[in-house]
Amino acid sequence: MQKTAVQETEAQKKDEKDVGDPNPAYEECLLALKRRLEQADAVVIGAGSGLSAAAGLTYAGRRFEDHFKEFIERYGMRDMYSAGFYPFPTQEEKWAYWSRHIYYNRYDMPAAKLYRDLYGMMKDKNHFVLTTNVDHQFWLAGFQDECIFATQGDYGLFQCKQACHKKLYDNEAQIRAMLREQKDCRIPSRQVPKCPVCGGDMEVHLRCDGNFVEDEAWYRAAVRYETFLRNNQEKTLVFLELGVGMNTPGIIKYPFWRLTKQWKQAFYISVNLEQAWVPDDIMDRSLVLKADIAHVLEYLAGTDVGCNDGAGWGEGSCQP
């Protein structure tokens, strides 16, 4: 397995806000990408954390420092990702942190422009979304519930920590109350969420251990995804992977590679600023861009590209 020869623009090596005009080779890659999407009978979007980070839902830096100042000072936290594993000594402290984490990543965040741009590109296309993201951005941007499979959960839901039953609970009212009444990095004890069935602790609906609840809605989404794949396997199908790294490659990346190899009409596209890989055996049916996802989608959403396939260059190497 080798890294493809992908293009990086000089603009991306500078201030990421100053993207400027893409160089000719990079623009050719973008045009090839858009042609592939336009010509596809169906598109499967595989979305990882890099997509939300590109959309502005960053877990570190100024956004983290502005919203978690007292937690940083008290616990030495460095970012929201690692803070999610912090061993809080009490439930009151744990939920003071998590209520704030959930609020700023689920309820205080409207549909990001990047997700809206993506929906604008896909709304008239036969598509399905497979995502490991838990921030609800696809729904907020307008994607339909029947076209989304969020495998790893949702910040907006609670479950029994011990999974004593398979029901999930909307948490918005509780989260807002915790945020409103917390003080000195603690919430009142009366606000600590408890399971209505066993009386034990509740947990955010995130896949972090073997107790993750896969309820009826989760299984229905899984079936819809498998049905979509089965119905489109003999058509011109594009697997569009956005911001997927190697943290959980078995959910999106590896299946996309396997199905691209197996289905001769399939084509694999990956856009990722950090990790851009493709196996040799699908190199001729792949297009990989090591690039800023926000720039790529913004450019594609605003560019009218015809469907003439030109010389057919660009697969794998992204070089004209």
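Even glycines carry a Cβ here, placed using N, Cα and C.
Straight from TrEMBL, the features:
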type: BINDING; residues: C160, C164, C195, C198; note: Zn(2+) binding site
type: COMPBIAS; residues: 10-20; note: compositional bias 'Basic and acidic residues'
type: DOMAIN; residues: 23-320; note: domain 'Deacetylase sirtuin-type'
type: REGION; residues: 1-22; note: region 'Disordered'
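For C195 (Zn(2+) binding site), applying a Cβ distance below 8 Å and a minimum sequence separation of six or more within one chain yields C160, K161, Q162, C164, D201, M202. Mean model confidence for the domain 'Deacetylase sirtuin-type' (23-320) is a pLDDT of 92.
Local packing around the binding-site residues C160, C164, C198 was summarised as the count of other Cβ atoms within 10 Å of each Cβ; on this measure the leading residue is C160.
Listed in sequence order, the residues K161, Q162, A163, H165, P196, V197, G199, G200, M202 complete the 8 Å Cβ shell around the Zn(2+) site centroid, once C160, C164, C195, C198 themselves are left out.
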